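Peer 1: What TrEMBL records for this protein is below:
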- 253-275: compositional bias 'Basic and acidic residues' (COMPBIAS)
- 294-308: compositional bias 'Basic and acidic residues' (COMPBIAS)
- 355-441: domain 'PI-PLC Y-box' (DOMAIN)
- 443-572: domain 'C2' (DOMAIN)
- 712-798: domain 'PI-PLC Y-box' (DOMAIN)
- 798-929: domain 'C2' (DOMAIN)
- 246-317: region 'Disordered' (REGION)
Amino acid sequence: MGSYRICVCFTRKFRVVEAGPPPDVKVAFKEYSEGGTHMTAEQLLRFLAEVQGEGHASLSDAESIVEQILQKRHHIAKFTRKTLTLEDFHHYLFSPDLNPAMVSRVHQDMSAPLSHYFIYTGHNSYLTGNQLSSDCSDAPIIKALHRGVRVIELDIWPNSAKDDVDVLHGRTLTTPVALIKCLKSIKEYAFSTSPYPVVITLEDHLTPDLQAKVAQMITETFGEMLFCPESECLTKLPSPEEMKHRIIISTKPPKEYLEAKRSEDKPKDSQKEKDSDDDVWGEEPSKLTAAQENDDKSDSDGSDHNQDTEDFGDFDQKVHPSRAYKSLIAIHAGKPKGGLKEALEVENEKVRRLSLSEQALEKAAESHGMDVVRFTQQNILRVYPKGTRFNSSNYKPLIGWMHGAQMVAFNMQGYGRSLWLMHGMFRSNGGCGYVKKPDFLMDNGPHNQVFDPKEKLGVKKTLKVKVYMGDGWHLDFKQTDFDLYSPPDFYTRVGIAGAPADETMKKTKKKEDNWTPVWNEEFTFPLTVPELALLRIEVHEYDMSEKDDFAGQTCLPVSELRAGIRVVPLCDRKGVQFSSVKLLMRLRRAEPPEDVKVLFQVYSENGTMSIDHLLRTLTDPVELIKCLQAIKDYAFYSSDYPVVITFEDHLTPNLQAKVAQDESDQGDDHLDEDLQNEAPEYRRLIAIHAVKLKGRLENMLTVDSNKVLRLSLSEQELQDAATTNGSRIVRFTRRNLLRVYPKGTRVDSSNYNPLVGWMHGAQMVAMNMQGYGKNLWRMQGMFRANGGCGYIKKPGILLNDDPYGQVFNPSETTSIKTVLKVKLYMGEGWHSDFRHTHFDLYSPPDFYAKLSITGVPADSMKKKSRPIEDEWIPAWNEEFEFPLTVPELALLRIEVRDYDTTGKHDLAGQTCLPVSELRTGIRSVPLHDHKGEKYESVKLLMSFNFD
């Protein structure tokens, strides 16, 4: 790039070196050029089909690419050769116009009603800056329309002389702009980027005579472009296709002015502002009383002059109504009388638009999430920024989209990560401003149920992203923009914005002193809701002493990504694309074969597959009678106490009868004659009746004094339930059995932390015993208690109320009951149980010990000893202290590892001991391997004491 001055006398010189093609590009070129030095159009076509997923490409398409690349790079050679070199091929892949990462045309069905689409929506579209003191202008409206925004919001107020109409943010210091100027600009630029309809939402603060004047302005300005409905209220929204090049007006129907004036003068309303956050919907749903809901009369986005208590069209015709103004309103805004639940009711005879602040939507999503989704299937929901965003910042749009909100309104004049997400979403569908909502938001189930945004879903797709390299900063930035003394140190952050389960952010290593960084790093993103996922990409320049410098960003909808090696142009903070800065990446969606998809559809439930369902598809079966005989032979080999057999039953009644016969060995000949739709003999064998979670958890946790039962919850269901119903679960398990089982995605037979179950009194914390790992070590440790008989008495805190009559709550921190003191003296036996080169080829091992407590959250703690170098019999002589609030549930975990400076530290033994069973004094502690098998010789010498 040039020279960087270090001080007065010295300079450092750096050269911008053009990075060559990444290894994957070289491999692809070699493979598809069949080992040659040039690639023909026919060979390029095969690459397009097999790597880039462009099966529709033709030979003429490939020839056109070759011609354009040669035109750019070899103006004379284009007349003599028709093939690409490796450098030409790399240049093609790095060309945004020839190899984009996204589809660049409208490709979705545009014939559905408007409620079926997410619509690019602006908030206070006329403001040039902040919400309090910036100028109002038509310039930001024009800019938004150029970007593809389809919903423009105008706040209309009487001018100072009360004889004309201005656009401004009321009750602030913003300077106004004439309404007619905004309307003319909308007419001129509405379809400069997209032919699909522009919706103008009006926040109306006018008298009836000025409303009539606005009606005249709109009619004269837009003429035939204006969509005027034939009926007063639409029963179904039109489609974007039939509304091409049309202007649609949406606002609340006008009320008689004097009534509005009286409402304005009421003390409780005089404090309200547009976008007020003081309405009752700002309270937590749990605190919202019925009286408060019914008393709520303000529209979340309403003006003081237009309260939302209207029954649309009930106006006093004696006082100057504006019939012309009213006739222009195609989409009626506002909400019926009542509270949130009433506002979300779907009316078959009309459609409407409801506005909620970002905070009101969050509260509504907590208590009425499925009602919101159902409402948005037919009606329009607009979400807008809370009133305290004076600096024109924005909120996270995903919560609106997850609930089907069509108009997620943003301050387009701001910038930041939330606005980047908005830009990313509306790059979809050719950037036309309308994006078809995913089918799951529009479909109803067999019992008319709709999508539940809170439901835990399985992974649908896996996105693999490889970041090869970046280029162009030396062209778009000055050489000292990032660092005064050396070239930049770039790194890339890659992640997903979308459903909560999908959200993550990862980053590459930094590349020092390089204007053309090469990373070659790959990242994997499992996605539960790929339809709403956005791929976030940011490049930063590492700064040791200050905040890292921004070097570019973009956001791409995952559903629109084109597979293969693609170029990704980056944008600045405001979302404007740089001239030259871009990344080369590989994008792959890992999808199962069609046969696997069919099997998943057959055996899954609600989009997820449990271990049980998976076993039915892939595992080799074993006869039930063989299992029963083995249980009989070995049931009491280690313990005299009862064995419980839990059945997951997928049988017909006649097979149930056969199972009963196998179990009881009765051999009754008349069983089949008694069987109609059930097997009574089978039923009689069931000692503990089991149920699964259906409906509300609170109902399932109700304790019935007349019967006992076994409830099964997945690990995820228990974790979710524990956050709100922890004490109720504890009370339920005093009388009934609770079984917890691994989530369905643990196809590798891994396990979860069993402590969350035990803390809540769950008796049957089911684990995959054929697996191994730290969580299974915890299970093995717990059941070393009570002589290893398989039954451990639950502590009194889980079975009895405290002195104040309260049930134990695992999430609450209590006072320290005892302090466990552990002294680690030494270890031995490794030289007997391991080969001398097992840990290190060149020297004896460097052992260190890790000691930790697993228990209630307040007790969890990790500590470790120093490593003892080159010693088979390490002597540490270190003491550790562990304060314990619930020692009855605490486990002491011990691991010994060999320290490795270059790789992962090798496991040299582990064990897990229940604290309540520890014997004080100096004790020997045998260690086990990673599968839980005890070593013959490896052991530690330790002492245990309690304070």
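From the backbone N, Cα and C atoms, a Cβ is placed for every residue, glycine too.
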Peer 1: Across the whole of the domain 'PI-PLC Y-box' (355-441), what does the mean pLDDT come to? Round it, please.
Peer 2: 95
Peer 1: Could you give the number of helix, strand and coil residues in the domain 'C2' (443-572) as assigned by DSSP?
Peer 2: 13 helix, 60 strand, 57 coil
Peer 1: Give me the DSSP three-state residue breakdown of the domain 'C2' (798-929), ordered helix, strand, coil.
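Peer 2: Computed counts for the domain 'C2' (798-929) are 15 helix, 59 strand, 58 coil.
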Peer 1: Please spell out the DSSP helix, strand and coil residue counts for the domain 'PI-PLC Y-box' (355-441).
Peer 2: 39 helix, 15 strand, 33 coil
